[in-house]
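Notes for the one structure printed next.
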Amino acid sequence: MKFVGAHVSAAGGVDQAVIRAHELEATAFALFTKNQRQWRAAPLAEDVIEKFKQACEQYGYTSAQILPHDSYLINLGHPVTEALEKSREAFIDEMLRCQQLGLSLLNFHPGSHLLQIDEGKCLARIAESINIALDATEGVTAVIENTAGQGSNLGFKFEHLAAIIDGVEDKSRVGVCIDTCHAFAAGYDLRTEADCQHTFGALGDIVGFEYLRGMHLNDAKSEFNSRVDRHHSLGEGNIGKTVFSYIMHDPRFDNIPLILETVNPDIWAEEIAWLKSQAEI
């Protein structure tokens, strides 16, 4: 079973994200559980939590179909202790919000060394940050997203993801989300079926498909191996549609959220319908 959707707005309350996903005829969705550009947010009120859970039940979404994303401000590999602590506290808060909403996944960008510490130290800090968050929460899996490798962001190599997982004590609560645009921009080609076989073969060998908890399905405005993160609508960018059809046919991508973060929300329903049609061919 393929779960396909988009990262929808939670404006007006997290329950509104569920309704928006349903209106797209999505079978999965992503959301922010708070303003992603602020450090702090008011705690989730009981009535808000209840409305969200009721909406999920009404429209048939389980936690396996929902991939919340944390704040972009968080850097779990920050080289400066005070800033690292601030990020860790914010990440625990994000995990707790997911826990309150009955969600089982939290997607996040791993972190950046800011040219102040080496890659190895930064990756170890990220793993330690995850361990601290897992100790402080229950039932939520930390889902590390691969990056395009802009600036000093880590996570652009599958080896980075594997190194972080290696440092996490509870392997049952850590996973990865692969963004097709980020992978392409980081030098993992996806333009042909042979490219897909090679790239996903490497993912299986280096990270392991047992850790795959979600996908972000994005075409790329950015060039191959450019280390630039610029999303595009499916089939309109430099990757093309082959990989998205490939994913919809491959059972290794079953039963996880497959989430659009493409640039034109007006055609999300169309893109979701096209992806579903590929699964049926």
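Glycine is treated like the rest: Cβ placed from N, Cα and C.
The Zn(2+) 1 binding site annotation in Swiss-Prot covers His69, His109, Glu145. Same-chain residues at least 6 positions away in sequence with a Cβ under 8 Å from that of His109 (Zn(2+) 1 binding site) are, in sequence order, Tyr72, Ile74, Glu145, Thr147, Asn153, Gly155.
Around the Cβ of Asp179 (Zn(2+) 2 binding site), 26 further Cβ atoms fall within 10 Å across all displayed protein chains. Positions annotated as Zn(2+) 2 binding site by Swiss-Prot, on the basis of sequence analysis: Glu145, Asp179, His216, Glu261.
Summarising the annotation, Swiss-Prot assigns Zn(2+) 3 binding site to His182, Asp229, His231 and lists sequence analysis as the type of evidence. Around the Cβ of His182 (Zn(2+) 3 binding site), a 10 Å sphere holds 27 further Cβ atoms from the protein chains shown. Secondary structure at His182 (Zn(2+) 3 binding site), as computed by DSSP, is helix.
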Measuring Cα to Cα, how many angstrom lie between His231 (Zn(2+) 3 binding site) and Glu261 (Zn(2+) 2 binding site)?
7
In chain order, residues whose C-beta lies under 8 angstroms from the C-beta of Glu261 (Zn(2+) 2 binding site), counting only those at least six residues away in the same chain, are Ala6, His7, Ala30, Asp179, His216, Leu217, Asn218, His231
How big is the gap, in Å, between the Cα of Asp229 (Zn(2+) 3 binding site) and that of His69 (Zn(2+) 1 binding site), rounded to a whole number?
17
Sorted by sequence, non-Glu145, Asp179, His216, Glu261 residues with Cβ within 8 Å of centre, Zn(2+) 2
Asn107, Asn146, Cys177, Ile178, Thr180, Cys181, His182, Met215, Asn218, Ile259
List the residues of the same chain that sit at least 6 positions away from His69 (Zn(2+) 1 binding site) in sequence and have their Cβ under 8 Å from its Cβ, in sequence order, or write 'none'.
His7, Ala30, Leu31, Phe32, Gln36, Leu106, Asn107, Phe108
